[in-house]
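Below is one structure, written out as C-alpha cells; comments come after it.
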Amino acid sequence: MAMLGKRRPPRTANERVRRERGSATRRDDATADGLSIERLAHDGRGVARDPHGKTVFVDQALPGERVRVAVHRQRKRFDEAHVVERLATSPERATPPCAYYGRCGGCDLQHLDLEAQREHKRRTLDELFTRQGLTLPEIEVLAGEGLAYRRRARLGVKCDAEGTPHLGFRARGSEHLIDIDSCVVLEPVLSRLIAPLRACLVQLEAPRRVGHIELIATAEGACVVVRQLREVPGDEARWRRFAAEHDVTLAWRVGREAPTLRWLHAPRGEALHVTLVLDDTTLSLGCVPGDFLQINADVNARLVRTALAWLAPRGEERVLDLFAGVGNFTLALAPRVASITGIEGSPAMVERLADNARRAGLHQVGAQQSDLATQVPEVAAVDWVIMDPPRGGAEALCRALADSPVTTLLYVSCDPAALARDAARLVQGGYRIQRAALADMFPHTAHLESMLLLTRDTPRGRSTSVEREDHGQGP
C-alpha cells in the first residue's frame, strides 16, 4: 500500500541493499577461502557454517557451491550474508528467466533448476513431519508449468517526490517498490497490462490516492481492481476509459477503513467466473474480487482431481467441506456423494457457493456460514471431512476431530509446518496418514501447498458442537 506523506523517491533494490549493508557488511579474513553451502533452508537460502561454527544463511547460494560472502546482518545465533564471489557452482544452478530477479521480492528460487526446486520442497515437507515424529508415505508431486501460471497478483503503487507514480512488487523483506513492466510468472493476459497501467497512473489527477492494483485472470478476461483511498471524479472517468480501451472489467475498492467494491466497467451480472477442469466435466465458479482463489488454476485442478482419486467416493458418503470458499472442492465432489455441506466464514462467499451449486444443478449441496476460528461444527452424522484452512492451520478443529466419529479426513494446507503440527494431533487421535502430496502451486518461490489423506478404522467418540477455549482467536 502507498505510504502517504512520504516525500521521497522509492529506493531501488540496490540502494536498499547498500543502505542495509552499510556498516553491518563485513568480510572476514577467516572466510577468504570461501564457505561451503551444505543445504538449503526451508526458505530457499543456502546454509553454511563459518570457521567458528556459526550458521550463515546465504542469499541465492546452492548446496555444493563454495562462495565468498559478505555478512549484511549479524544475529546472536546466526549471520545473514550475500555472495561476493562464487568459487564453485552447483550443476543445479539455472539462469533466472526474469530480468528483475534478485531485486523484485516476488520470486526467490529462480536461480535453482525447476525440478530441483520441487525436490527441495519435497524434502522440506518430509523434514517438518519428521520433526513431529511422523513418517510420510511416498510424496506425490503435483506440478504444472513454471512460468505464466499466476492468475492473481497485487501490484504496489507509490509516487516519488516529483509525483511520478511507480508500479510493481516490493523488494524482498522491504517496503521499497521495484518498478516492473512485465512479470514472467503472471498469466500473459495480466502481465501485458502492467505497462499500460503505469501509463494510466501517470495521467491521473491524484495518483497518490491509489493504494495498490489487483489483477485477476477470469473466464471473462482480465479484471483490474484499483484500491482507491478516496474518490476522485476526474480519475474515475480516466479508469473507465482505460477499461474500455483494454477490454477489461474494472472496479474501485473505495475508502480507508471498510472499503466497498464499486464496478466502473462491470462484467455481466457483476460476477466473475473461474473454471475448474476435471476429468469428466468443467465447473464454473462465480466469484468477485476479494474471494479466495488458488493462485495457480492448473495445479489447483490437479489437486482437486487427486483428492477425488484418493477419496474414491461410492455415492453414499455424507461430507463436510470446511473453509469451502466458493466451492472449489464442494462442487467437484458433490455429484459423487450422497450429500456435501460447505462451511465458510464469509457470508458473501456462502451465498456464492450456494449460487454456484444451483447453477450447476447440484441439489445435494448445502452452504452454511460459521466462524471456524471459534466454533467447531457438528460432525456426528458425517462420514468424511475436507478442510483447506488459512495459513495458521486448524488446531482446534483437529483436537475436536481427533475425538469425533469421522473416519476419513482430507487436509489441504498452504503451511507445511502447521499441517505437520495438526497431523501429529490427529495421529494421536488414532488417524493414519495414508497419502501425501506436494502441490507446486508457486514455482520459483519457496512456498508450497500440501495435502494429506488420513483415515482410521474406529471412531474415538461422539462429536458435538464444541466451543474453543481460546474463544475469539484465529486458528
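A Cβ is built for glycine as well, from the same backbone N, Cα and C atoms used for every other residue.
What Swiss-Prot says about this one:
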ACT_SITE  C414  active site, nucleophile
BINDING   Q294, F323, N328, E344, D371, D388  S-adenosyl-L-methionine binding site
COMPBIAS  1-10  compositional bias 'Basic residues'
DOMAIN    26-85  domain 'TRAM'
REGION    1-33  region 'Disordered'
REGION    455-475  region 'Disordered'
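Structure with Swiss-Prot features highlighted.
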| residue | record | DSSP class |
| --- | --- | --- |
| Q294 | S-adenosyl-L-methionine binding site | coil |
| F323 | S-adenosyl-L-methionine binding site | coil |
| N328 | S-adenosyl-L-methionine binding site | coil |
| E344 | S-adenosyl-L-methionine binding site | strand |
| D371 | S-adenosyl-L-methionine binding site | coil |
| D388 | S-adenosyl-L-methionine binding site | coil |
| C414 | active site, nucleophile | coil |
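Q294 (S-adenosyl-L-methionine binding site) counts 23 other C-beta atoms within 10 Å of its own C-beta, drawing on all protein chains shown.
Within 10 Å of the C-beta of D388 (S-adenosyl-L-methionine binding site) we count 23 further C-beta atoms, all protein chains included.
Separating the Cα atoms of D388 (S-adenosyl-L-methionine binding site) and C414 (active site, nucleophile) is a whole-number distance of 8 Å. Sparsest Cβ environment among the binding-site residues E344, D371 (other Cβ atoms counted within 10 Å): D371. Distance noted between the C-alpha atoms of E344 (S-adenosyl-L-methionine binding site) and C414 (active site, nucleophile) is 17 Å.
Confidence across the domain 'TRAM' (26-85), taken as the mean pLDDT and rounded to a whole number, stands at 91.
Around F323 (S-adenosyl-L-methionine binding site), a 10 Å sphere centred on its CB holds 21 further CB atoms from the protein chains shown. Note: the CA-CA distance between C414 (active site, nucleophile) and D371 (S-adenosyl-L-methionine binding site) rounds to 19 Å.
Packing around N328 (S-adenosyl-L-methionine binding site) is summarised by its Cβ count: 29 other Cβ atoms lie within 10 angstroms of its Cβ, all protein chains included.
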